[in-house]
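What TrEMBL shows for this protein is this:
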BINDING   GLY193, GLU194, SER195, GLY196, ALA197, GLY198, LYS199, THR200  ATP binding site
COILED    925-1101  coiled coil
COILED    1156-1273  coiled coil
COILED    1324-1413  coiled coil
COMPBIAS  1119-1130  compositional bias 'Low complexity'
DOMAIN    38-90  domain 'Myosin N-terminal SH3-like'
DOMAIN    99-766  domain 'Myosin motor'
DOMAIN    1507-1783  domain 'Dilute'
REGION    1-34  region 'Disordered'
REGION    629-658  region 'Disordered'
REGION    646-668  region 'Actin-binding'
REGION    1106-1140  region 'Disordered'
Amino acid sequence: MAKAKIKNKQLPAAQTEKTEITGDHIPTPQDLPQRKPSLYARVWIPDVEEVWKSAELTKDYRHGDGVLQLQLEDGKELEYKLDPKTNNLPHLRNPDILVGENDLTALSYLHEPAVLHNLKVRFMDSKLIYTYCGIVLVAINPYETLPIYGTDIINAYSGQNMGDMDPHIFAVAEEAYKQMARDERNQSIIVSGESGAGKTVSAKYAMRYFATVSGSASEANVEEKVLASNPIMESIGNAKTTRNDNSSRFGKYIEIGFDKKYHIIGANMRTYLLEKSRVVFQADEERNYHIFYQLCASGHLPEFKALKLGKADDFHYTKQGRNPVIDGIDDAKEMSTTRNAFTLLGVNESYQLGLFQILASILHLGNVEVKDRDSDSSIIPPNNGHLSVFCELMGVTYQDMSHWLCHKKLKTATETYIKPIPKLQAINARDALAKHIYAKLFNWIVDHVNKALHSSVKQHSFIGVLDIYGFETFEINSFEQFCINYANEKLQQQFNMHVFKLEQEEYMREQIPWTLIDFYDNQPCINLIEAKMGILDLLDEECKMPKGSDDSWAQKLYNTHLKTCALFEKPRMSNKAFIIQHFADKVEYQCDGFLEKNKDTVNEEQIHVLKASKFDLLVELFQDEEKARSPTGAVPATGGRTRLSVKPDKNKGGQASKEHKKTVGLQFSLLFGVFDPKRAVQQLRACGVLETIRISAAGFPSRWTYQEFFSRYRVLMKQKDVLTDRKMTCKNVLEKLVQDQDKYQFGKTKIFFRAGQVAYLEKLRADKLRAACIRIQKTIRCWLARKKYLRMKHAATTIQRYVRGYQARCLAKFLRRTRAAIVIQKYQRMYVQRTCYKRKQAAALVMQCILRAYMARQLYKALLREHKTIIIQKMVRGWLARQWYKRTLKAIVYLQCCIRRMRAKRELKKLKIEARSVEHFKKLNIGMENKIMQLQRRIDDQNKDNRALSERLNSLENSHAAESERLRVELTRLRGAEEDAKNNANKVTSLLEELERLRKDLQNTQKEKKAIEDWAKTYQEEMEKMISELKEQNHLLKNEKNDLNRLIQEQGQQWTEKMQRALKEETQQLEYDLNEERSRYQNLLTEHLRLEEKYDDLKEEITFNVPKPGHRRTDSTHSSNESEYTYNSEFAESEEGTRGGEVRDVSKAILDMSLFLKLQKRVSELEQEKQSLQNELDRREEQFQRARARVQKHTHTHTHLLYSTYFLNEDRQELESENKKLKHDLNEMRQSLRGSAEAGSAAPGSPAYTVLLDQLNASNEELEVRKEEVLILRSQLVSQREAMQHKETMTEPLPYIEDVQKLTDAKEISQAYMGLKETNRLLESQLQAQRRSHENEVEVLRGELQSVKEENNRQQQLLAQNLQLPPEARIEASLQHEITRLTNENLDLMEQLEKQDKTVRKLKKQLKVFAKKINDLEGGQMDVSPGQTTDEPVHPVNIPRREKDFQGMLEYKKEDELKLVKNLILELKPRGVAVNLIPGLPAYVLFMCLRHADYINDDQKVRSLLTSIINSIKKILKKRGDDFETVSFWLSNTCRFLHCLKQYSGDEQFMKHNTSKQNDHCLSNFDLAEYRQVLSDLAIQIYQQLIKCMENILQPMIVSGMLEHETIQGVSGVKPTGLRKRTSSIADEGTYTLDSIIRQLNSFHSIMCQHGTDPELIKQVVKQQFYIIGAVTLNNLLLRKDMCSWSKGMQIRYNVSQLEEWLRDKNLMTCGAKETLEPLIQAAQLLQVKKKTDEDAEAICSMCNSLSTAQIVKVLNLYTPVNAFEERVSVLFIRTIQTRLRDRKESPQLLMDTKVIYPVTFPFNPSSLALETIQIPSSLNVGFLTRV
């Protein structure tokens, strides 16, 4: 069936793919003509190493061909033979444009090689480990930590659709959570895979995601509890295998419970398929469970001494794998972690020691040795040490345990027998007991973990996470693998049905005709295993047989299934194994051990022995032991991978498939970043991914909406084909493009394509685009070439004209110069030749003279040497001749002797021969007798002769010896003479050599003499040259000295400039730090506001939950820092009023003991606070004295910024501490409320109640006293500060003082404990003022002295002039001069009088302040106003009075205050006020009312009005804080009210822009400087609320408008999306576009302008808006692979340009908003620039300075071609980028923080509107106000 499908799919596709383009993608259209397109299709062929290998046809395939001509990617030619039976063609490759997709179902050709290649490209090239496959998430384990699981990533995926973001485990978790909350249906996530695939880690990340998005991470802490259980479960359930050092050897199902608000409330864990056999057996290179090795490693600890543990190699159960150590793991340290986890989960120390005691006993049990007694029985030797330790630890008797380990009890109907068992059965019984104990212990621990995770709150819904083994196949597969694969068969069946159901629902929803999809059904395999007479049934039957064995069971299997079931096979070479064809692969199982592991029985008597133990924990483990017995009297165990464990798993899975939404994550592992195709394919098959693909590919896997299809393939349509109805347009086009109508179907909203059709359409689209690109290139290149030619022609003509003219001028000039040069040369050459001749003539004469003298001397020397040589030669030659003659004479004599001797010897020999010859002839002529006689005689004669000859010979020998001796002596003498001759010859030679050497020495001496003469001459010249050089050096040194002096001066100037630059940089750094502190301060204000709201909610909850009227408690630290330095007096009064109410309601109150203790603690804290304030004041004075000298060296601006930053740091710390206190008190109040709810307190009127009430009152009184002391101290500090400010105003108001006040008004200095914090600054200001005063006095004295001198001179001149005048004129001139002098003195006196008046007024104000303080101290606190008791207490400060004129005020009665606040704040509609009235009208009205209260000098009225205003604004914001218009309205009015307080405060720095009338309207009696800070803090809170409201409105628009919507239609085509539907980029109804964002920005801007918001504040709001837009857009870009393309970069840049255009239209380009978009702009540029060469890498590194390295690499990895002319980024290029950027120091965080809020400032903006001209409309309903 599958092969037929492949054939039907591929034959047409192969014919249509003949023109498919291969090779690298084309990066730009300019490269297109140089590319050579492929003529034939590309296919996949099987390969042994790589599983699948890519190839390309080199010859067209025709039907009936048996061989395909292919060319591999490496250029190798190959002939691929087709199967003659099936004639199936190889799989076709997908176009490169479809490779690397997020969803495998988006591939046009869905088959195994396409899936494998897509996963490889995503992992190796894009570094992406997650990929969708329909509803399956495939995850690749990278074996390294990736930064893709942070909180920022969780926030990015929260609320997103599953197809909108890149594949991720968080996307799966979000889908499950969203469907649970939306559909109210329980969900399940199945995590499957082989050992080491990362299943447990994925499950942990899913639970972490649920804990974060449910909003309960800080309260429920379920994730932390589950994580705390991980060390325990890993130690008792994980072990080292050949594939993984920490493999989970059990499956677990964690059920996370949620309440009705979908917050996590608890969890529950169920475990499956524990591998009990590992306790007693481990294969090579594997280990037992970690806990045993941890115990052995910790055996040296004192608490473990009693366990008598040793090394792991000492125990049989831990040494079988022969590898007890894991590299990099410290078992002792892991043991400590496990014990800590037990403690966290509530298991006390005694239970822990009990658990370890049981585990140690299991180890000792494994070492118990069993010996044979005979063939049918066994015995344990007595006094076995390990068994003794086991019995001691378990609390059982040695005799009973040793007996029942070697015996068993058999029961019949009438009798009971005790039968001994052989050694093998005894060992199996021992191991079964160990496994049984471990399983019991494992279940006990799991139960306690569940108790720790249990919640008492009712569970509304849940999400289950199943972490279970995947399909397993090893070289030797046994009972464990059989159970695992059986469970996976069941899961795969349910999953296939689920996928099939989804496909069916999709077709039915789209109303398209379809036939049943034929997919692989594994029900026959399941029936083979679990049906009647199946494998499990036969196994159970064989276990019941008395003599059942593995062999007999195997034979039953062969007999039953071998011929009847095609899925069951028998191995050829084995009778003890069987093969099952599973859905993933064929697996061969060995029958050995199946029966024993299936029985897994424990001797009942052994259990009875353990139950009788004195060990309580052991008894607890076995108290629920089942009473079921086997036929042999044994108790079946409940652990192991038995049928009892498998069946509940499958039943639960069936239930989940019906009730739960299946969201499945599947994983396969890789080896440390290396892609292993074999293991990848194996895991894909085992996890069922390929089966899912087969189901999808069987129908219509590719799906497009009509709009997406039209957008993608619009290029294939003609203009006449485009209709208004998109559906009809698509139908008409498809009928023309695809002739076979079975290849597609039209649904209601989508078009469905069969496999391969999208690839065909993509080829047509690419061909059309290629042809269009070529035509465009042809035309453009022609136009460019012609333009270039015309420019070159015009340029050439122009250049020729100018060049020819220039050449003509140059020729004429050359001719003139040549003529002049010839004349000059003639005379010059004549002069040079004459001078040269004379110089040569003089030199020749000198040289001739010297040369001739030298030659004469040389000739004389040569003649002298020749004469001496001749004499020497004469003597030597004579001696040599004589020596030669003597040697020759001796040699001749010797030769003569030798020759004569030789001739004598020759003659003698000749004579002897002749004599012998004659006698012979004679004998021949005589007869034989004569001859004999003659011979006889001859013999006798011969004897005689011989004797004579012998004698003669002896004499001759003697003579010869004497002669030889003589000759030897002569020879010796001759040799000595020869030696003498040789010596004489050598002497001659040596004499000649000596003569030659002497001659050379003479020459060398002459040369040295000449060299010395030359050296002397050269030395003289050098000395002369040195003298001249020294003179030059002296001159140079003088010049250098002058240069150094000049350089020193320049360096001094440079150093001064450098110091100034450094000071400027430090100032900038301080400003930056100041902004940081301001940001922190504003964040603390936000936290304070949140805590206040929480406090209010808690009070409301208290009121709601407590039915009886009770004791009203006010948390002494419920207010933040502002309450400490601003509202203290009001706070005291409110507490006093509260306390009075408590006393009045004492009969109804319920005393809270925790409140009393808290108040006592607060009193002690206030005492300590007072002491610390005094100590701080003393310390600051000392610091001021020490810093005085140092501070004078710095500039005013630098000093101010430094101190501002210092104060802000301390203020921030104190604010943080106050917030911590507030949290602590809130928690205490919660606890106290719970305690009071659970247990009632004493009844009112009882003695205990009275005593406690008195103590409470005393504590309150003491608290008030302490607060009064603090207030007095602070008032003194404030007065001191005012005095310092007054003294500063008396001096010249320098710009420094103005800057300080501006900074103060801009809230750049924190106001926490302002009186104390400003002490140091006031002292510094006093120092500066004194120094300036001294300098001014000196300058004044100098000026006076100069003026006196000038006056004296003028008087003398005048006197001299007067003396020259006549008497009448002299008198008149004197009078005129005197009048002028008196007039000038008059003016000076008037100025001094004005200054004195001003000083008097200041002193009067100070006097009033002190008088008021004295009255307050004597009279005590005033009563609380009615409005103050009803609202939240706002604590005012002491308000000094001012004296001013009274105008522009509104009078109201005290009882009308609530009505005023209600009409102007609580019930005011911002829209009507903004449109019809002047901006900020409520602020003006409230300020005019405040002026009247100041005018009548009513401090209570001022305090009450300000308190009501602040509380009312807070109420309206709390009520309507999500309405942008309301928040903007009150932000504008709060700022205007704040500016009015500054403008009319009377401070000179705020009065510069006022009119004289406005200056007359300044406050006259009270100084509200500190209330300005309170309002500033309120404005900050409103601003932050405005930003949050704006962010909530913009957030849904940003991604759709900035990324998904195609502003430029047709630039970026839509790629296939697969099953996970991506959000469409086409603007449908309800879809946000860029225009939507711009319209919303216009709305924000117009609303703020209508409300009269300050322009600077609008700029800050716009900057924050653009930061949110840029950050959200960039974050989504970094998490969406489909958005990282060249065309999308163009869209983003266009969208950004539209936003910049909006800024220009609104004149907001200088607000810094554009800079916030810089990271997004650079990311868009990165998508568009070239990414090939090293130059491109350098350009990218310099361009992307606002992006981090992680962001740059992420964008490059995600870059995805959308069209055929784009190219992927190579891995080498990305590595080059990483190498160049490795030195960057930056945050490793990938995403931008979208929660950042820039610190806000409120620059002073005075109003030109006169208060007396403001008209109040009747629509405000404030007719009770009276104008004054």
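In case you wondered, yes, glycine gets a Cβ from its N, Cα and C as well.
Unlike curated records, TrEMBL annotations are generated automatically.
Quick one: how deep are these features, and who are their neighbours?
Over the region 'Actin-binding' (646-668) the predicted model carries a mean pLDDT of 40.
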Are there any residues in the same chain, six or more apart in sequence, whose C-beta is under 8 angstroms from the C-beta of THR200 (ATP binding site), and if so which?
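Sequence-distant Cβ neighbours: ASN230, SER248, ASP467.
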Taking the Cβ of GLY198 (ATP binding site) as the centre, how many other Cβ atoms fall within a 10 Å radius?
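A 10 Å sphere around the Cβ of GLY198 (ATP binding site) contains 23 other Cβ atoms.
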Between the binding-site residues GLY193, GLY196, where is the Cβ count within 10 Å the lowest?
GLY196
Please count the residues of the domain 'Myosin N-terminal SH3-like' (38-90) that DSSP assigns to helix (H, G, I), strand (E, B) and coil.
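So the counts come to 0 helix, 24 strand, 29 coil.
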Across all protein chains in the structure, which of the binding-site residues GLU194, ALA197, LYS199 has the highest Cβ count within 10 Å?
LYS199
